[in-house]
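S.K.: Next up is a structure, given as structure tokens.
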Amino acid sequence: QRTLKVSSSGPRSFSSRSFSSGPSSRISSSSYSRVGSNSSFRSGVGFGPNYGMGLGSSIGVGGITAVSVNQSLLNPLKLELDPSIQAVRTQEKEQIKTLNNKFASFIDKVRFLEQQNKILETKWSFLQQQKTSQSNLDGLFEKYITNLRRQLDSMGQEKLKLEVELGNMQGLVEDFKKKYEDEINKRTEMENEFVLIKKDVDEAYMNKVELESRLEGLTDEINFLRHLYEEEIKEMQSQISDTSVVVSMDNSRSLDLDGIIADVRAQYEEIANRSRAEAETMYQIKYEELQLLAGKHGDDLRHTKTEISE
């Protein structure tokens, strides 16, 4: 045991003390005070929730009394806790932390929503104050809508005009398309006709070449006949001269051979002249025919060339 002595001279006071041992044991002592002639002393000892024990004493007015304290009561108690209880408490602490975090987030959300609510209230009040401006905006929008409707009507009328013009243009396109097709058909026909004309021109050219060759042949033949006739005339004249010589030699017989010679000469000259005239006439006729044929083919050739150039 330990004896604690307390003096009563003058006002005194001291605070309580506490001792703890383990998670659930606690020892506490009360305070002592004295004021004036009265004095008091209180003392107490407490433990955790599972074990409890108290010690108390009081001193009234008067002298100093010795107080005895059981020293064994001041020793810490060896208390052991159940591990399951510790786990439950840890889990409860974690749950409390989680709930505290959720509660804090809820509080933040509530504050944010309150701020948004205040902002919306401010906007609403501002919009309520701006009614006159909204009415002006309504008129402005109505004018704008009216203008748009007017533009829409004008666009509709212009659309009708454009549709009419489109129909006209489509008709013109169809007409030009038909004309184009007709021109293509005409071009095809002209190309075919050109091919035929070219064949005719080629044939005419070949005929012209043939006729020119024939003309040259006939010219050569006429020249040959003319030369032949001239030679025959010369031969006949030489024969006539020989006959006249013979007749003159026989003049001793006193025959009238001069008349006979004159008649024979006249007959030969007539035959020669007639043959010459017939040959010249035949040559002239053939020459004129060839000239006409050549002129005709020349005209056809010029006409064909003109059509080809066109």
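Here the Cβ of each residue, glycine as well, is placed from N, Cα and C on the backbone.
So Swiss-Prot says this about it:
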CROSSLNK  Lys5  SUMO2 cross-link
CROSSLNK  Lys123  SUMO2 cross-link
CROSSLNK  Lys131  SUMO2 cross-link
CROSSLNK  Lys198  SUMO2 cross-link
CROSSLNK  Lys198  SUMO1 cross-link
CROSSLNK  Lys286  SUMO2 cross-link
CROSSLNK  Lys296  SUMO2 cross-link
CROSSLNK  Lys305  SUMO2 cross-link
DOMAIN    92-310  domain 'IF rod'
MOD_RES   Ser7  phosphoserine
MOD_RES   Ser9  phosphoserine
MOD_RES   Ser15  phosphoserine
MOD_RES   Ser16  phosphoserine
MOD_RES   Ser18  phosphoserine
MOD_RES   Ser21  phosphoserine
MOD_RES   Ser25  phosphoserine
MOD_RES   Ser28  phosphoserine
MOD_RES   Ser31  phosphoserine
MOD_RES   Ser37  phosphoserine
MOD_RES   Lys102  N6-malonyllysine
MOD_RES   Lys208  N6-acetyllysine
MOD_RES   Ser254  phosphoserine
MOD_RES   Ser275  phosphoserine
MOD_RES   Lys296  N6-acetyllysine
REGION    128-144  region 'Linker 1'
REGION    145-236  region 'Coil 1B'
REGION    237-260  region 'Linker 12'
S.K.: Which residues does Ser275 (phosphoserine) neighbour through Cβ under 8 Å, counting only same-chain ones at least six apart?
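M.R.: Tyr229 - these are the non-local Cβ neighbours of Ser275 (phosphoserine), listed in sequence order.
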S.K.: With every protein chain in view, what's the tally of Cβ atoms within 10 Å of the Cβ of Lys123 (SUMO2 cross-link), excluding that atom itself?
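M.R.: Taking every protein chain into account, the count is 10.
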S.K.: Between Lys198 (SUMO2 cross-link) and the residue listed as 'N6-malonyllysine', what is the CA-CA distance rounded to a whole number of Å?
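M.R.: About 107 Å separates the two Cα atoms.
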S.K.: With Lys208 (N6-acetyllysine) as the reference Cα, tell me which of the recorded positions Lys102, Lys123, Lys286, Lys296, Lys305 is the closest one.
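M.R.: With Cα distances computed to Lys208 (N6-acetyllysine), the winner among Lys102, Lys123, Lys286, Lys296, Lys305 is Lys296.
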S.K.: Whole-number Å only: compute the distance from the Cα of the residue listed as 'N6-malonyllysine' to the Cα of Lys123 (SUMO2 cross-link).
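M.R.: Per the Cα atoms, the residue listed as 'N6-malonyllysine' and Lys123 (SUMO2 cross-link) stand 31 Å apart.
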S.K.: Looking at the recorded sites Lys286, Lys296, Lys305, which has the shortest Cα distance to Lys123 (SUMO2 cross-link)?
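M.R.: Nearest listed residue in space: Lys305.
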S.K.: Let me know the most crowded of the recorded positions, choosing from Lys102, Lys198, Lys286 and counting other Cβ atoms within 10 Å.
M.R.: Lys286
S.K.: Counting across all protein chains shown, how many other Cβ atoms sit within 10 Å of the Cβ of Lys296 (SUMO2 cross-link)?
M.R.: 12
S.K.: Just to verify a number: CA distance, Lys286 (SUMO2 cross-link) to Lys305 (SUMO2 cross-link), in angstrom, no decimals.
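M.R.: Cα to Cα, Lys286 (SUMO2 cross-link) and Lys305 (SUMO2 cross-link) are separated by 28 Å.
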